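Copied from TrEMBL, the annotated features are:
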type	residues	note
TRANSMEM	A:12-31	transmembrane segment
TRANSMEM	A:66-90	transmembrane segment
TRANSMEM	A:102-126	transmembrane segment
TRANSMEM	A:132-154	transmembrane segment
TRANSMEM	A:166-188	transmembrane segment
TRANSMEM	A:194-214	transmembrane segment
TRANSMEM	A:235-257	transmembrane segment
TRANSMEM	A:263-282	transmembrane segment
TRANSMEM	A:294-318	transmembrane segment
Amino acid sequence: MDGILALAASNLLSPIILFFALGLLAAFARSDLSIPEAIAKGMSIYLLFAIGFKGGASVADHGIDATLILSLVAGLILSFAIPMIAFGLLRVMTRLDVTDAAAVAAHYGSISIVTFVAATSVIGSAGLSSEGYMVAVAAVMEAPAILSALWLIARYGKSAGMEEGLMREILLNGSIVLLVGSFLIGWITGAEGMAMVAPFIVAPFQGVLCLFLLDMGLVAGRGLREARSVLTPGVFLFGVIMPPIGAVLGLGAGLLLGLSTGGVVLFMTLCASASYIAVPAAMRVALPEANPSVYLTLSLGVTFPFNLTVGIPLYLAVASLVTGA
Amino acid sequence: MQTHEAKRVEITIEAVMETRLTNALVKAGVTGFTVLPVLGGSGRSGQWSREGQVSRARGMVCVVCIIRPERLDALLDAAFAVVERHIGVVSVTDCEVLRAERF
């Protein structure tokens, strides 16, 4: 237990978390610190490329087995199912109407790739490794929750059809194309390809992640400052209890699949995280009546910081206890 | 200098709807328009700024069309079908252009 507490403490004092905290504090203090839009975009492209390529190279190194396919199926099922649980909780805990509740629920069924990247960094620091194909699991968990939200609206509210072209936009959004594309290239080129690009994607990775999380801290802090009015106690509480609920589902799936401890932590993190890039854009098209301040503030201002500071160390501790790592 | 009457239609709309709007305009025969980035603003849906957005969900763009007055109704019908349910502003102003054959 002492080891787990020490690990949690070291995570809180790691550079990535401290830079995120710096961004939050700067935003709360109304500092003019900002990361130029193009640089933030460039860093997100770098992180997706790096994480995708490393995952693909790892699969090439370790080979594929039935667990890969089963993990993808489990990710797909959980991404469809988690919004149903989130929707039920929201209707009980908050006064959000059906449209807002379904829109928020969709965010929690999908994933946050930055939280996933941070979790890979944390398990790496803990000396654990994970299955490289977890990157592919992350990719398949991006979109299904959007369909669940539209089903919930059709079932409990007014009809909401899938607009022509929306699914193509979701499945081919830049993040997914880059992540999956890098994964496949890493897989095809294997160790040789990895050796060629390692100086670019291994050594600078932590530094870029620090700067990116500084920007995320600024964005989350400003979002929280500007949208405090939508954060009723019930909505806020949902934002911190839904991640552990998702994580428990991820833990069960990871254990059933027989994943490594690092893989279980990543599955828990995927199920616990909430989207703030792909799903908000899809919701603006499919459910324009839903209030974006509610779902963006919750996913980016509440759940993302929670996962980064408390969630990931907690998931690591629980997975280590359960698997005996 | 000879000038000609025209209508200037300015549509400020969510960035995620940009392609849908411009496709609808082209379908309605409006092939000339300019898309401008919007830095920030405030309205019924609250205050927002382009700075620090991680998603296109909160971004806005401005689509400007200058057309002959007789084509205004077709443009507005096409635009309204897209923007009806979304955050945004549609305004029409009178203007004058130098080379009428281009509009």
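Cβ atoms are placed via backbone N, Cα and C, with glycine included.
Automatic, uncurated: that is what TrEMBL annotation is.
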Annotated stretches the transmembrane segment (A:194-214) and the transmembrane segment (A:102-126) touching (3 or more Cβ pairs under 8 Å):
yes
Should the transmembrane segment (A:132-154) and the transmembrane segment (A:12-31) be scored as in contact, given a threshold of at least 3 Cβ pairs under 8 Å and pairs 6 or more apart?
no
Residues from the same chain, set at least six apart from the ends of the transmembrane segment (A:166-188), whose C-beta lies under 8 A from its own:
44-45, 48-60, 113, 135-136, 138-139, 142-143, 146, 194, 277-278, 281-282, 285-286
Can you name the far-off residues of the same chain, 6+ from the ends of the transmembrane segment (A:102-126), with a Cβ under 8 Å from a Cβ of it?
7, 10-11, 14, 16, 44, 47-48, 51, 78-84, 86-87, 90, 96, 134, 138, 141-146, 148-150, 152-153, 156-157, 175, 179, 205-206, 209, 212-213, 216, 238, 242, 246, 261-262, 265-266, 269-270, 272-280, 282-283, 287, 290-291, 294-295, 298-299, 303-304, 307-308, 311-313, 315-316
Within-chain partners of the transmembrane segment (A:294-318) [C-beta distance under 8 Å, separation at least 6 from its ends]:
4-5, 7-8, 11-12, 17, 20-21, 24, 96, 100, 103-104, 106-108, 112, 114-115, 118-119, 122-123, 126, 213, 216, 219-221, 223-224, 227, 230-231, 235-236, 238-240, 242-244, 247, 250-251, 265, 268-269, 272-276, 279-280, 283
